[in-house]
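Checked TrEMBL, it gives:
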REGION    258-279  region 'Disordered'
COMPBIAS  262-273  compositional bias 'Low complexity'
TRANSMEM  285-303  transmembrane segment
DOMAIN    287-506  domain 'Amino acid transporter transmembrane'
TRANSMEM  312-338  transmembrane segment
TRANSMEM  358-384  transmembrane segment
TRANSMEM  415-436  transmembrane segment
TRANSMEM  442-460  transmembrane segment
TRANSMEM  480-502  transmembrane segment
REGION    513-534  region 'Disordered'
COMPBIAS  522-534  compositional bias 'Basic and acidic residues'
TRANSMEM  564-585  transmembrane segment
TRANSMEM  606-626  transmembrane segment
TRANSMEM  632-654  transmembrane segment
TRANSMEM  666-687  transmembrane segment
Amino acid sequence: MRLAVAQVYSTPDSIDVARRSWLAGVPAIFAGDLEDSSRNLRFVPGQDAFARRYGPSNHKFDNRPLALIRLANRTLEFDWLLVGDMDTCFHVDALRAALSPINPARRHFLGMPAPPGQTSCSSGKSILAGKCCSIQDLVHFSDCVLTVRRARHFRNSSIKHPHVANGRGYVYAFPHGGAGYVLSSGLLRAISEAQWSTCESELLEGGGDLRVGACVYHTTGVGLTELPGLLGNLSRHKEQPDARSAPLLDPENAVRCDTEGEAASGPSPQASEAPPPATKGSGSAALVFVLWNTMMGSTLLVMPSCFRESGWLLGLVLAVLCAGVSQYTCGVVLLHGMRLPDPQAEVADLAHAYLGRYGWGATLFASVGVCFGAACAMHGYLATSLNDLLVDSREQGGLGLASAWTSLSPNPKGVAAALVLALLLPLCSLRSMALLARLNGVGIACLFLILAFIGASAVANGLAPEALAPASLAQPSLKVLGTLALSFFIHSIAITIFRAAATPAHNARNLGAASRAQPGEIGRDQPRCTREGARCDPASLESAAARNSFLSVRQPPSLATPLLVARFAVVLQCVTVYPVLVYAIRTQTFCALVYRDPYPGALPVLGLNAIVLCATAAVSIFGLHIADVLRFTGAFAALVMVYAVPAGVQWAELAAAARSSRRARAARLALTGGLLCCGCLTVAVQFE
């Protein structure tokens, strides 16, 4: 990646100081009051030399930023041009890392909205709403094209300067020059030198940075995108404001604007201040448990039925293979996703950075689809467990209320699904996740109870004689690949989970530990089945009841009480997990497509939640098996996020690293093709 720097209002002394420190080895051009070819310092006359006027809100050299960008675009070769004042310092390595996921061939104008301290561009209620973009918006659109109507031409009357302090009066935001701003080569190619010259002669009011924003907007329609970290770990300014300036993302690596004296004597007082205490992150054990719980949560109760279709030995082999592939691809997502400039970036941001808008759209659709499929499973588990609790006798792990329950309706399972809808709608409509997060502790305890029952069932039932028969070991069916793909699916939230790590260096180890533990938990009880009763032979795992929940398969009388407890645990766990899934659907849908706000109001939230809950209830009422819903959900989501996105990232990385190497091209083709074939195979076998 090629970076170049353009500094306005420079002097020979300021250039020499910068060249001895942060600007060493970086191509640069400067504008000032004199010409010095040895320093690439260009003399740019003031506005009074050709216009003879300038307003009270600017000074006579505010034409220089436009001229300097025009000169830099003509004389320097770069992917990104960093523009700042003479007392602006850039952390070049940090900027290179922050810009690496963004395509410089697209039209990007990155900076901090002026003046510093205004509400962020990411807030829909800001006075800047519609006038600039947040870094998240680059996920949704190739360029930050503003939604306001663009003027056909511009004169000095189009650059008014009423209230710069509050940003009113403009249809676009403009950058704070002291913080620095960044222009992509793609944006500068879209603006001809003649257009830059027209901007210099026509835009005669306002500050220099305002004029740059106006020229970019009026010639291309592209607005400013807020780049996190300016006046933080990406840049510093000698006159950095105190009030509400951008937070230091990495205080230890913050850049100082050193003078010669400060460079010789040591750090400046501002840089030597102790950074704020770091927030304690999650330990390795906690992260491994969160990963493991997330992976197996929705598929645990239907896995025995799925393994019955493939044979338990073949299922275990496929589980180990899926674990290895998923661990590798999740590592790719994690490695490159953590490098994205947005601290809240996720896998959709990664897809957009490497695959463009269509990659973002497919990833968002797959992410919402996974949440919806898991919500259908939780709704089904909850309705099935409620129905089993009320219908089954006490000897079968129920409450023995069959006569009273069935008298309500000829379709008691449908009544249970509708009852679930009524109970969960208020929880799903909460404004934030705070209460749901507190309830999650109850869900974790319930999960341990379910696992304890599965272990007790395996011990009580023993090893079925048919378990070692060839038909039980392997079957000519690979449908289990869809369920296994969902069982190891962590890609959509892996970056968020690992951001909380206390020791990021252990991320790869923790991901491997969770991935290796999952096949063991999946396969621990597969050769076992109940031994008594018509429903207790291995074939009972192929029944409709088993395809909805393992807890619906009849157990020995000795397990009646543990089964009752396990069913109550499933009910409580689903009550805590289902609202979280609906909240995730709401957040992704509203923030990405409509409002840019997860809670735009009670009416939109209730409307969307009602649609989602009715859809998941319909899945239960019309008798779609949970196992089938999960395997199709897992297959299609895995095709996008487990296989296609990591394959695209690897392709781009290898292409950039070794374009001329035949071996690298062959490896890139084999890796990408292999991952895509795995994804397509996983989808295709679901239609057997």
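We count from 1, first residue shown onward.
Cβ coordinates come from backbone N, Cα and C, glycine included.
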Between the stretches 312-338, 358-384, 564-585, 606-626, 632-654, which one has more Cβ pairs under 8 Å with the transmembrane segment (442-460) than any other?
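Answer is 564-585, with the largest number of Cβ pairs below 8 Å.
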Excluding the flanking five residues on each side, which residues at least 6 beyond the ends of the transmembrane segment (358-384) place their CB within less than 8 Å of a CB in that stretch?
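Apart from its flanks, the transmembrane segment (358-384) reaches 139-140, 297-299, 301-302, 347-349, 351-352, 413, 416-417, 419-421, 486, 489, 492, 548-549, 552, 570-571, 574-575, 577-578, 581-582, 584-585, 588-589, 592, 612-613, 615-617, 619-620, 624, 626, 629-630, 632-634, 636-637, 639-641, 644-645, 648.
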With a cut-off of 8 Å between Cβ atoms, can you find at least three pairs linking the transmembrane segment (632-654) to the transmembrane segment (564-585)? Only pairs 6 or more residues apart in sequence count.
no
